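Undergrad: Just passing along the structure, written as structure tokens.
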């Protein structure tokens, strides 16, 4: 609690773009986000005051960081369980709690738990040998149980030789059936320690090379029964896993129904559309949830919203500043969010959001805007 | 220009709530606002990194601050003309330029110039003696030519004795006729160095004790001809005075038509509604304008938006954090902006915005929300 402003201080472990956008939301709530950064040049560290430099794997760094925070939460899910459990034992309010966060850190724990809850998910099994993989059946998907993101830690396996290469890495793996997808959906839901939940409209996510490149809100032509089912799945996961904060549930839509793909217990790329497209952004909602503030309205603020990610383009071409000016001239209604990162090919350096009435037009505008920033043409 | 991000650095002189909200907008554009603060506890200084501490009246402090900025602009209009002219002579890009800013700093210069442009304004005269005031006629309004804001520096004069009290202060004054108002209106317009302008819909402002307490966007029941006239006045002022950045034109609506009340060459309280209510906020638009970026769309993002200011309430009662939680529970759709200031009676400590279809309902919601934060009940 800050004595001058009479308002709390939220600490976020990690200083990427999620922390950066959370800082914007914290400012509106009268606060200033405290971030733990590994490097002073990180996305949130360059826009927030009093950044703490430290290692999220180091208990002493975490302890020192947590000291002045009302609550500690996450920009990413890579903080070790034992460190988090120690902080909690020492009285730090860590949200989501380690018991919940485990399911976003460890796909095997997540699959085991969702199975026990009877939620629909791809057929899966832990595997640690080629015979396990062959017993599971090919083709399949191999996933690193921990540490993967944005398509890393996920391998499409067609042959035993493919599997052998991945198994040789020695990392803990699970196998999942490769499903025939109609498309991918996602649901954002917030839950507070007192048990209040607030679920956002279901969105469609478009992936390219394992990276989410587009989000369409609400998901076009989604039948109400499927939308209800998606929201019920999110409610069940949030409540049964005792999530506090934002939860993103990524879903496969198939001819056989919905299946849970991944969970994230933080603001998520599939929820960036909420900054302009919903009455409350996922970033403010996460702060409200972890502070046990009443949650904000999740209504749509526009009939349709499309978000497109901007990836760093190939070296050369116009500077980012020039690309930005071209885009702003080309589409005065586009909302740009740049993450203050050095441009590297394939790295997420920002996103663009457009709101309006015509989803097809919005999609063309969003992709055109992202392409301008990415390729400078 | 920041080497890592390939993006410019805007410096803002002053670190109040306008700078605070401009920092939020700068983050989206991939930047981080650089602010010159008088005290490390100021609104923007507590949320922005690398704040420079210094005196906005001190040329050396201004020089040191301007050194690493692509462009220097303002949170307030109190920076001395001679200091600004020196900076410009030394090659600093100061926007709005001193020649333009003068008209927001000095009401006598403003009235003289608007008169020369043939724009409608209250009858006025410079006064420096009781005989000047009596020659002008009573009742009237006396205004400090420089330094006033939020009702300070404005006196309603009914008798020669009232005038004598104000004259005794020795400050430079102008007299203005006291007009019979139907209501007050305001127009936001942005203009960039290359001459592009973008004007927002005309809003109604509601003043209480000289302080703007409510803004209704768009102005209810405004006839299209009057709205056009208001926007044309704003265009004329922006262009003829060579304004760069945001310009707010405050207008009196009377039975005899529109009259220009005040000018501000920066983001302004009457434009806070644009954060949620327009496609581009005045804060982003100001950055775009002073960087000579293409300007953003000024369309409404919702049919109606109402903004209510939150003033510090009387001492005692619940802490701000508790008041905030009550408000968030009471109205999950209200958008809160707190300025991170210590609460003092009558001080602007935040504002609340609501968007929707029914302007009367929105107004009740906005006032109720502001009252919660102000009075804790």
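Here the Cβ of each residue, glycine as well, is placed from N, Cα and C on the backbone.
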Undergrad: In TrEMBL, the ATP site includes A:107, A:184, A:261, A:262. Which of A:67, A:143 does it also list there?
TA: A:143
Undergrad: Roughly how wide, in whole Å, is the group A:107, A:143, A:184, A:261, A:262 that binds ATP, by largest Cα to Cα distance?
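TA: The widest Cα-Cα gap among those binding residues is 18 Å.
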Undergrad: What count of other C-beta atoms do you get within 10 angstroms of the C-beta of residue A:261 (ATP binding site), across all chains shown?
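TA: A count of 18.
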Undergrad: As a test of reading the model: what is the averaged pLDDT for the domain 'ATP-grasp' (A:111-291)?
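TA: Looking only at the domain 'ATP-grasp' (A:111-291), pLDDT averages out to 96.
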Undergrad: Near residue A:184 (ATP binding site), which residues of its own chain have a C-beta under 8 A away, given they sit six or more steps off in sequence?
TA: A:204, A:205, A:206, A:207, A:250, A:251, A:252, A:253, A:261
Undergrad: How many other Cβ atoms are found within 10 Å of the Cβ atom of residue A:107 (ATP binding site), counting all protein chains shown?
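TA: There are 25 of them.
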